[in-house]
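As recorded in Swiss-Prot:
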| type | residues | note |
| --- | --- | --- |
| BINDING | C562, C571 | [4Fe-4S] cluster binding site |
| BINDING | H664 | chlorophyll a' binding site |
| BINDING | M672, Y680 | chlorophyll a binding site |
| BINDING | W681 | phylloquinone binding site |
| TRANSMEM | 59-82 | transmembrane segment |
| TRANSMEM | 145-168 | transmembrane segment |
| TRANSMEM | 184-208 | transmembrane segment |
| TRANSMEM | 280-298 | transmembrane segment |
| TRANSMEM | 335-358 | transmembrane segment |
| TRANSMEM | 374-400 | transmembrane segment |
| TRANSMEM | 422-444 | transmembrane segment |
| TRANSMEM | 520-538 | transmembrane segment |
| TRANSMEM | 578-599 | transmembrane segment |
| TRANSMEM | 653-675 | transmembrane segment |
| TRANSMEM | 713-717 | transmembrane segment |
Amino acid sequence: IVVEMDPIKTSFEKWAKPGHFSXTLXKGPNTTTWIWNLHADAHDFGSHTNDLEEISRKVFRAHFGQLAIILIWLSGMYFHGARFSNYEAWLSDPTHIKPSAQVVWPIVGQEILNGDVGGGSRGIQITSGLFQIWRASGITSELQLYCTAIGALIFAALMLFAGWFHYHKAAPKLAWFQDVESMLNHHLAGLLGLGSLSWAGHQVHVSLPINQLLDAGVDPKEIPLPHEFISNRDLLAQLYPSFAEGLTPLFTLNWSEYSEFLTFRGGLNPVTGGLWLTDTAHHHLAIAILFLIAGHMYRTNWGIGHSLKEILETHKGPFTGEGHKGLYEILTTSWHAQLALNLAMLGSLTIVVAHHMYSMPPYPYLAIDYGTQLSLFTHHMWIGGFLIVGAAAHAAIFMVRDYDPTTQYNNLLDRVLRHRDAIVSHLNWACIFLGFHSFGLYIHNDTMSALGRPQDMFSDTAIQLQPIFAQWVQNTHALAPGSTAPDATASTSLTWGGGDLVAVGGKVALLPIPLGTADFLVHHIHAFTIHVTVLILLKGVLFARSSRLIPDKANLGFRFPCDGPGRGGTCQVSAWDHVFLGLFWMYNAISVVIFHFSWKMQSDVWGSISDQGMVTHITGGNFAQSSITINGWLRDFLWAQASQVIQSYGSSLSAYGLLFLGAHXVWAFSLMFLFSGRGYWQELIESIVWAHNKLEVAPVIQPRALSIVQGRAVGVA
């Protein structure tokens, strides 16, 4: 049996002793530093004990608490939809009425935030996309939202109970946490497989019929309730005749019978401007089948299937030494290493989601709600950025706390660490190259523009730098439905090309996005900022245990201010310091992405369409010619758009104005820390000097980082 019964008795005594988890903090405060350390270490389970089983149980228990908080938060969202929103009004006229789910009380004049959202209601216009997802899932009344909110609270209570139960009553043993094959099978088949299958089932039996009727203009109050569709097959058969045949076509392999509600059309629904919900139901069913198969691939009690340890240990090539040997032990004993990998993958996936939300808008009427589109893109980019920086943070914690050099000899990890100087100096060169060349193209354009020589600028109308590879990818995908997917009526996304335009309620939902010289230029800025972020984060991980500047870093821990008073040049050199220096560049990278997205969409996609079919874009298609100079970015995007936000203070949009101001305050605050990163720069310089020595081109005069005082002088200037 893999659980231990009644390991820890339930008591509230410890709650009365702040800092009970630490010998030093439990004594109580001497200075104000105590409260900071209390917050820093309360959830750092690795510092409370060295017992991996106990740490694992605490993390496992915390996950249930986290789920409870998420469910309570979601319940609040649904409750607002049920109690304070105009959802039913929006549902009846989604092209004219704006979504609102919060009405501000008249306290100290805050009621200015309540704008006219149409349909006779006033409130804050929301940009979370919840109304659109509710419609897609078949919610037709505020009562249904209310019931869902109550359901979420019940689930939250269950999660809190589970957290208590699996720590105090039946706690899993370490072996259970380390049984990776069983975990993979259950997560793949259970969470992803059955999860997707149940969502596909909900879509087919509830969402599709309700949305079909809504699209046809049926009054939401006339539509049968969800449980009626589930219990009464005749209702579904009226909309999809093949429902009358039940499961016979499934078992007789006559699957094409189901093609009424499991489609492969591509493109967007012209009524709602969202993906065809019959396509998404088909997609989730297919995903479910794939993951149910994947959940049977790993070897557990029966002697068949994959063993991860075997896979990793036999995975070696001619140039990689011991290959992946030793990684299995790392990933089953260091949860930081495990978390780092998961954060890196989930962060990348979140950014992929950001780009799919606008190019393949999944919910009805999402594509014509431009504020929501912008918010969802921004949200997913930020979340992805945070997760990726978090990956580097936990990789560095793994290096400091969990890495044992004696067990890792000549495997991939060891080999990467041994040639870290080459990695960092090459990456540094790539950053310098990208920075000078990408900005150089802009500076050239600014100069030529100032000298009145437009024919010498890099632009679509002068010296062209067309993104030919991106255009080739677009073209291939635009042509795909005719060849690789003969039954599809349109390509996966209208953005690829092919001339299709979908407009809903006189607004453009989506159209082919042209790429030109302006995009080529800004994409190289993206490449530059991403590489700088990677340089900082990777340097933090590779030099987390030691460097030429501080050979004994591993003994100082993950975060330390300076290596003692006698070594002033060693400040801001810990692995933790690299995290916030990396965050700064992540913010820079993400800002350029969001600027690019919002201007490009307003210039080339979003806008209104006349009865004659003439499209008028919000900023009139000025991206291609304006964004090719720094001056154009400053004047036609930053100033042109910020001035509206800055002047919003007397209107219902003032909250956005304040958030805009606050976000810039946060960014400016982060600048302050950059200018004193003395040790960080010295450490980087020593890697680069190593590269020069190796090529025998090292200068006689030693390069040295600015002192903290010099750095601050530069910062002030």
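Cβ atoms are placed via backbone N, Cα and C, with glycine included.
Sequence features annotated in Swiss-Prot and their locations in the structure.
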residue: C562; record: [4Fe-4S] cluster binding site; DSSP class: coil
residue: C571; record: [4Fe-4S] cluster binding site; DSSP class: coil
residue: H664; record: chlorophyll a' binding site; DSSP class: helix
residue: M672; record: chlorophyll a binding site; DSSP class: helix
residue: Y680; record: chlorophyll a binding site; DSSP class: helix
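The Cα atom of C562 ([4Fe-4S] cluster binding site) lies nearest to that of Y680, taking the binding-site residues H664, M672, Y680, W681 as the candidates.
Taking the Cα atom of each, C571 ([4Fe-4S] cluster binding site) and the residue listed as 'phylloquinone binding site' are about 10 angstrom apart. For H664 (chlorophyll a' binding site), the number of other Cβ atoms no farther than 10 Å from its own Cβ, over all displayed protein chains, is 11. Here the Cα atom of Y680 (chlorophyll a binding site) is found 25 Å from that of H664 (chlorophyll a' binding site). Geometry remark: M672 (chlorophyll a binding site) versus H664 (chlorophyll a' binding site), CA distance 13 Å. For the transmembrane segment (422-444), the residues of the chain that approach it from at least six positions outside its boundaries are 416, 457-458, 465, 521, 524-525, 527-528, 531-532, 534-535, 538-539, 542-543, 628-630, 684, 687-688, 690-691, judged by C-beta separation under 8 angstroms. A sphere of 10 angstroms centred on the C-beta of C562 ([4Fe-4S] cluster binding site) encloses 19 other C-beta atoms.
The local packing around M672 (chlorophyll a binding site), expressed as other Cβ atoms within 10 Å of its Cβ over all shown chains, amounts to 10. In terms of local Cβ density within 10 Å, Y680 ranks first among the binding-site residues Y680, W681.
On a Cα basis, the residue listed as 'phylloquinone binding site' lies 26 Å away from H664 (chlorophyll a' binding site).
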